[in-house]
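Per TrEMBL, the features are as follows:
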- A:73-267: domain 'ABC transmembrane type-1' (DOMAIN)
- A:348-529: domain 'ABC transmembrane type-1' (DOMAIN)
- A:17-36: transmembrane segment (TRANSMEM)
- A:48-70: transmembrane segment (TRANSMEM)
- A:76-95: transmembrane segment (TRANSMEM)
- A:136-161: transmembrane segment (TRANSMEM)
- A:249-266: transmembrane segment (TRANSMEM)
- A:286-308: transmembrane segment (TRANSMEM)
- A:352-377: transmembrane segment (TRANSMEM)
- A:398-421: transmembrane segment (TRANSMEM)
- A:481-500: transmembrane segment (TRANSMEM)
- A:506-528: transmembrane segment (TRANSMEM)
Amino acid sequence: MAEAVALHDPAARQRGTALLLGLAVLWPLLVVADFRPGEIFEIRNLKTVGAFLAGFLPPETGAEFLAYLVRATLETLAIATAGMALAFLLALPLVSLSTRALAAAEIGPGPGYARAQFLHYGLRALLTVLRGIPELVWALLFVRVFGLGPAAGVLALALGYGGMLTKVYSEILESGDTRPARAILEAGGGRLQALFYGLLPGAARELTSYTVYRWECAVRASVVMGFVGAGGLGQLMDQAMKMLNGGEASTILLTFLLLVLAADALSHFLRQQVGAAGTVGRKAGFGVSACAIAGLVLLAVVSSFGALDIHFGALLMRESMGLIGDFAVSFFPPDLSLPWLSRVAYGTLETLAISATGTLLAVLGGFVLAFPASGRYGRLAGQFSRFLLNALRSIPELVWATLTVLSVGLGPFAGVLALALHTTGVLGRLFAETLQNAPPAARDALVDAGARPVVAFLYGTLPEVMPQLLAYTLYRWEMNIRMAAILGFVGAGGLGQLLYFELSLFRYAEACTVIAAMLLLSIVVDAASSEVRRRLR
Amino acid sequence: MNHTLRRLALKGAVACALISSFAGFALAQENVLRVSAIPDEVPTELQRKFAPLGKYLEKETGMKVSFVPVSDYAAVVESLAIRKLDLVWLGGFTFVQARIRSNGTAIPIVQREEDAHFTSKFVTADPNIKSYADLKGKTFAFGSPSSTSGHLMPRFFLQQAGIRPDKDFRNIAFSGAHDATVAFVAAGKADAGVLNASVWDKLVEAKKVDPAKVRVFATTPPYFDYNWTVRGDLDPALVKKLTEAFLKLDPKNPEHAEIMQLQRASKFIPTKKENYDGIEKAAQSAGLLK
């Protein structure tokens, strides 16, 4: 009998149940997402994509086109940098007003307590709205009020990323040691004093590192903004793809790849610099390199604003404020008629299905590529798979979507594939890192005891890394739900397609309902995902 | 420290940028004619096509002409309505939208002779589709939702023929542009589609489409399409100069011939708002305008 017990797989029941439950939830989502993997491999479709990809060679190198390309690339970089600078300026006051680490509401009742609490929750709500609406939707709206061109992209980044920075800055400040700040506040110090002398000294490094990382994301985001007319590389790409001009598309894709890899490397370098400052053996503070970097950042920001030639003065004049007001008012009241609500509800379900299916496919793909990428099958395989992951990751979802639409036709499945391709790159890299860092003790013990490598992995490594993998997946799903909401702009179904159609016909009340649905969806998914992550811990 | 420094740097930079842009605004603005076009072709192509016309207009008006490339039809309409653009190339439906969004002030000045009797072609690669009625239960590709020849008028004529696209088609796709519609139909991504007759002719001429595979099975009756429109509060003297500049274009003049060829125009003729009333009615009855 004792042998029978030993042969029984202790984890089988739990894993089996989880798998079945997962499939039961997934099935209807697959149906809604129009999941037809066979479609990709149909001869006719392979031929179409093949013919288009064949058109990629040779890449377009005409001088006229290259001139456009260089200008668009610079514009993309400038939009990212200028948008990030504004987001930073927006986030600063919002953080100091909204972070719990400085909240008077947390200290307890006192004079002005009710007002402080009201302000605190009001700000949190505002931040949720800023973050919950994808920056591409902001861009689409701003293109309407501020006219075409980079101003719309910069402002969209400023708002979306302002909200995002505020949230993450607050989390960083709250997760650090808040006692010094509390002490200053309780001793009667002001909010700013508490922020500067109580909180910043402990958190400055992490804050800077995150800001730099976010800039790298902003570069990718500003590429995508071009798809709605906000200038830069995306605008060129959108048209090249629409007109099936393979040569131009491949040159633009190569430029993307280089740009993203360069931004990646720069961001990595800067973060390393920040990490190194203040460690043992290096003097913290105003070193030569710190000043040089600060100077370069300043120069980059100034020249970005210079290059973009945005007339903020014109935006703030009474006349354009009036126009913005009229524009905003035309969205209210939202269209809440029953037939429209049911269409929006179906769009929401479709978006949910696209994001869930795409993320799951990416988990599979990422997992498979993570093994060679973590260096398990030799250096060559490692380098090749890491390059593949980087390439997948560098190309934004929206660009993938223009390709997948061609392969499987317009509709949600194209969106699923686009999300899956990009996310595979992201998750594969994270998974590989996790596998590399997994403590080997349990696995080695199993191997020493004579277990086969697969078994040793399943019962030695997997339990160790599972919570981390799940956390990454959930976090990515939160981002993908926002992305799925906008993939429809290029014909990949869901809420985005509805929104784009309604905005094209200037039906703003209907559009407002769609935006509200996007917001609601992202809030619900955020809450669900953070709840699950909390339980995993 | 690094962070503090960086923040200070950022603040300074933005302050500088704000100041300089305020200053810049006072100087800029006047004496630039801002032109754009709905993106029914690649912006690089549009920019290339526009370059000689831009030079010509600069010479005729004595103003600097700048072309703003765009990728969204509706953005062009809204930009004209909020006076961010002065002169735009619009389709029939986008002109109707612009007229409504600008409270009736947008003025169409000229159109190409061929725009007065424009048509759309219904194309398919399916041998069983021979008439509108055969489209029931099929997937169908329009161009952009805002397109006159790629969406509005075909939808209107389909409805006249008793076909309700939203109910009778299995699936409706918006390809985004005329060339893309043909690519979708040729690849079998859509059973049938519809596009601008002029782009169809161009594709056939350039051998970008195989007429043995993709064929035209129906053509719409003619309607008014594209025009050049100015915003209503543009200086009337300038509007007059612009109109005359277009009307003066003569294909026999070699300098003008290049412009005309790039614009695919044999001649520019005056146009008026009333020409587009039919399109407005069609948009209303197709449910694309309230």
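Yeah, the Cβs are placed from backbone N, Cα and C, and that goes for glycine too.
Caution: TrEMBL annotation is automatic and unverified by curators.
Here the transmembrane segment (A:352-377) has Cβ contacts under 8 Å with residues 26, 28-30, 32-33, 35, 384-386, 388-389, 412, 415-436, 473, 476-477, 480-481, 483-484, 487, 492-494, 521, 525 of the same chain, all six or more residues outside its ends. In this chain, the transmembrane segment (A:48-70) lies in contact with the transmembrane segment (A:249-266); the count of Cβ pairs under 8 Å, excluding pairs fewer than 6 apart in sequence, is at least 3. Long-range contacts of the transmembrane segment (A:48-70) within the same chain: residues 233, 236, 244-252, 254-255, 403, 406-407, each at least 6 residues beyond the stretch ends and with a Cβ under 8 Å from a Cβ of the stretch. For the transmembrane segment (A:136-161), the list of distant contacts is 75, 78-80, 82-84, 86-87, 90-91, 130, 214, 218, 221-222, 224-232, 308, 310-311, 315, 320, 323-324, 327, 398, 485-486, 489, 499-500, 503, 515, 518: same-chain residues at least six beyond its ends, Cβ to Cβ under 8 Å.
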